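Visitor: Please find one structure pasted underneath; my questions will follow.
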Amino acid sequence: MSIQDEFEFIRSIRPAHYFHEGLVVGIGDDAAVYTPNKGFQQIVCTDTMVEGVHFLRKTMEPFDIGFKCLAVNISDIAAMGGIPKYFLVSIAIPSRWHEKDLQSIYKGMADAAEKYKVDLIGGDTVSIADHLVITVTLIGEVERGKAQLRSSARPGDVVFVTGTLGDSAAGLHLLLNDEFNLPEDDYQYLVSRHRRPKPQVKAGRIISEVDRASLNDISDGIASELNEIADMSNVQIVVHKDLLPLSDSIQLLPLEKQFEWAITGGEDFELVGTTSKHSFEVLKKKCEQEGIRITKIGEVFEGSPSVYLQEKNIRKRLLSKGYNHFKKGDSFGSI
Ligand SMILES: Nc1ncnc2c1ncn2[C@@H]1O[C@H](COP(=O)(O)OP(=O)(O)OP(=O)(O)O)[C@@H](O)[C@H]1O
Ligand SMILES: Cc1ncc(C[n+]2csc(CCOP(=O)(O)O)c2C)c(N)n1
Ligand SMILES: [Mg+2]
Ligand SMILES: [Mg+2]
Ligand SMILES: [Mg+2]
């Protein structure tokens, strides 16, 4: 049975404690109130997950849905170089969703909230006819002038990415298709990369310390994210196929698929960006000290906004066709 009473449900999901001292009013009034820190700018973002589009009962447990919905928003704050702090949740619940599963969604969110020290300060609860829809709005902060923008790439920059690419899409493929008999550990690794992304807040904070970097998080795949950087910075970007970081587990799957997932699969929630050669060396050292993998995958050139994938001596245009809610298609074009 779905929830019996809207207000009882809201009481049940109220956090037992808050992390941030700046919070004046959390859940319980018409709106939340917090005091911003001096010398910081506020960052705010929102992302929605829809049953049937972002998850199915088959691909995600309720706990994972809650965890991921908060994690993908934390990833957007990480992509600005910021610190995530407060979040609000709007949930539209169809009657076929049971209270126990809804509680699990909030447990998953609370787990991510605990890991990244963010406070649930409000939201909205409504009914809906068909599919569950959950929207998180997250507020963060960054030192004044330190937000890293998509428009900051410059010719001569190094293109970098954190972690490995394509694991989430590979995990989703394994969940939806009964093929490729992988060893259990590799299967579980790829599936967990899909269900429990790890937003790169620490890496974002390290990147926010360099003089200038362009930055984006990977929700739709690097083809899409790099085109956003190229467009907003008015530069040309070249990435090298053989430099793309791939996990050991994904490398057990067919080669063509590996690159398709790495380039257009999306939902990696790693960071991709550009910075000067000097800053990249500094960045790389600091990331290594923190145990964060960061890899150079290409270079930035002058030219009309475009992205190319280079393999040996052949350059192919990479079009902005990663995950697009309203278009599906091939990401490769010709020059
Ligand atoms: N419906 C909307 N109304 C107003 N602004 C929007 C709307 N949808 C997106 N935006 C804004 O457009 C910009 C790009 O949003 P987009 O959702 O593509 O980025 P993202 O959240 O990083 O990616 P993704 O949603 O794939 O994770 C952001 O500034 C976002 O706030
Ligand atoms: C069942 C199922 N089918 C397909 C996908 C893949 N998918 C959905 S949305 C998205 C981009 C990121 O979302 P957004 O752009 O809204 O942030 C991707 C790669 C999935 N997760 N589950
Ligand atoms: Mg978005
Ligand atoms: Mg983003
Ligand atoms: Mg998207």
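Cβ coordinates are placed from backbone N, Cα and C, and glycine is handled just like the others.
Any TrEMBL annotation is an automated prediction that lacks curation.
Features from TrEMBL:
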BINDING   Asp30, Asp76  Mg(2+) 4 binding site
BINDING   Asp30, Asp76, Asp217  Mg(2+) 3 binding site
BINDING   Thr46, Asp47, Asp124  Mg(2+) 1 binding site
BINDING   Asp47, Asp76  Mg(2+) 2 binding site
BINDING   His54, Glu267, Tyr323  substrate binding site
BINDING   Tyr106, Gly123, Asp124, Arg150, Ser219  ATP binding site
BINDING   Asp220  Mg(2+) 5 binding site
DOMAIN    28-142  domain 'PurM-like N-terminal'
DOMAIN    154-304  domain 'PurM-like C-terminal'
Visitor: Near the Cβ of Arg150 (ATP binding site), how many other Cβ atoms are there if near means within 10 Å?
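Guide: Around Arg150 (ATP binding site), other Cβ atoms within 10 Å: 20.
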Visitor: What same-chain residues, at least 6 away in sequence, bring their CB to under 8 Å of the CB of Tyr323 (substrate binding site)?
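Guide: Tyr323 (substrate binding site) has long-range Cβ partners Ser219, Asp220, Gly221, Ser224, Thr264, Gly265, Gly266, Glu267.
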Visitor: What kind of secondary structure is Glu267 (substrate binding site) part of, going by DSSP in three states?
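Guide: Going by the DSSP assignment, Glu267 (substrate binding site) belongs to neither helix nor strand, so it counts as coil.
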Visitor: Count the other Cβ atoms sitting within 10 Å of the Cβ of Gly123 (ATP binding site), across every protein chain shown.
Guide: 18
Visitor: Any idea what the Cα distance is from Asp47 (Mg(2+) 1 binding site) over to Asp30 (Mg(2+) 4 binding site), rounded to a whole Å?
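Guide: With the alpha carbons as reference points, the distance is 22 Å.
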Visitor: Anything within 10 Å of Asp76 (Mg(2+) 4 binding site)? Look among the binding-site residues Gly123, Arg150, Asp217, comparing CA atoms, and list what you find.
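Guide: Of everything listed, what lies within 10 Å of Asp76 (Mg(2+) 4 binding site) (Cα to Cα) is Asp217.
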Visitor: Can you list, in sequence order, the residues of the same chain other than His54, Glu267, Tyr323 whose CB lies within 8 Å of the CB centroid of the substrate site?
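Guide: Result: Val53, Ser168, Ser219, Asp220, Gly266.
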Visitor: Looking only at C-alpha atoms, tell me how far Arg150 (ATP binding site) is from Asp124 (Mg(2+) 1 binding site), rounded to the nearest Å.
Guide: 31
Visitor: When the Cβ positions of the binding-site residues Asp30, Asp76, Asp220, Glu267 are compared with the atoms of ligand 5, which fall under 6 Å?
Guide: Asp220
Visitor: Just the number: how many Å between the Cα atoms of Asp217 (Mg(2+) 3 binding site) and Thr46 (Mg(2+) 1 binding site)?
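Guide: About 14 Å separates the two Cα atoms.
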Visitor: For Asp30 (Mg(2+) 4 binding site), what is the secondary structure state per DSSP, taken as helix, strand or coil?
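Guide: Reduced to three states, the DSSP call for Asp30 (Mg(2+) 4 binding site) is coil.
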Visitor: Find, for the listed binding-site residues Asp30, Asp76, Asp124, Asp217, Asp220, the residue with the lowest Cβ contact count at a 10 Å cut-off, counting only other Cβ atoms.
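Guide: Comparing Cβ neighbour counts within 10 Å for the binding-site residues Asp30, Asp76, Asp124, Asp217, Asp220 gives Asp30.
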Visitor: Here's one to test understanding: among the binding-site residues Asp30, Thr46, His54, whose C-alpha is closest in space to the C-alpha of Gly123 (ATP binding site)?
Guide: Asp30
